[in-house]
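What Swiss-Prot says about this protein:
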- 1-26: signal peptide (SIGNAL)
- 117-137: transmembrane segment (TRANSMEM)
- 178-198: transmembrane segment (TRANSMEM)
- 206-226: transmembrane segment (TRANSMEM)
- 247-267: transmembrane segment (TRANSMEM)
- 269-289: transmembrane segment (TRANSMEM)
- 294-314: transmembrane segment (TRANSMEM)
- 315-335: transmembrane segment (TRANSMEM)
């Protein structure tokens, strides 16, 4: 049992250590130190430290060499953090090198392949392989047998989305929207987790990706509402059952509300996935900025590992929240007043 526990702990810590190794290899502070050591001896007299005093005769503050060096390290650490979070046309595999992705131009439209596009392709391939493996595992067992392994995990997640997300929020006719909800849940989940492995990137930390997913939810919601309610029912739904004298107020408010929902979905997923990575990298770079192994051992690494484990939970949580809100928006848009009243009457009779 102790060996199994140790192996589980190593399985959690090794990816973090690999990520730290890649960051150390790209550490700008070490590059500055090596460049300083490689200067010729003749240039040494030019490196004169600023005076120890922090105030001159007039009483104004004089910036010391140490302060300027720390500020320079902070700026370069910030550049590295933003480079990791932002999208780019380069796949970096420090210390092994990098891969330049092709630049594609369609007229004035830039359709270049970026690292976030590659991560979405990887997520799609992973989902296809995992889905095929789970399907093969289910086919091999009989009706009386329970699935095991990856098939058991996938069945549990799919049943959770089907019953607790789709059916409970959409109600009648939820089966039509179940494929989209399952697909968007697993796609967001895998994209979130890919950003936590070495050399990976979080595609859902790109606001363009989250906006595209939110637009899918918006159009599916509106199309489902028109099909379910019709044009007259859709307009009546916008008035929210109010008196006609209030329509001039209610209709614009409801129309604005239809567009603010995808905006909320976009910003919520983007902000949560970006913030976690910035916090992890900021904690790691504290030791580099202060140039202290004590700080790294006592603060940076332990807190970074804690946030890393928390981000695994956040990856599942944000995939669930996006899927839940998508199902909720679809359910609100397609709700029938007659169905609701019949359900209330039926519950009252029971």
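Here the Cβ of each residue, glycine as well, is placed from N, Cα and C on the backbone.
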Looking at 117-137, 269-289, 294-314, 315-335, which one has the highest count of Cβ pairs under 8 angstroms to the transmembrane segment (206-226)? 315-335
So, does the transmembrane segment (117-137) come close enough to the transmembrane segment (315-335) to give 3+ Cβ pairs below 8 Å, pairs being at least 6 apart in sequence? no
Same-chain residues at least 6 beyond the ends of the transmembrane segment (178-198) whose Cβ lies under 8 Å from its Cβ atoms: 15, 18-19, 21-22, 119-120, 122-124, 126-127, 157-158, 161-162, 165-166, 204-205, 209, 213, 216-217, 220, 269, 273, 277, 308, 311-312, 314-316, 318-320, 322-323, 326-327
Report, as numbers and ranges, which residues of the same chain sit near the transmembrane segment (117-137): CB under 8 Å and 6 or more residues beyond its ends. 91, 101, 147-151, 153-155, 186-187, 190-191, 194-195, 200-203, 209
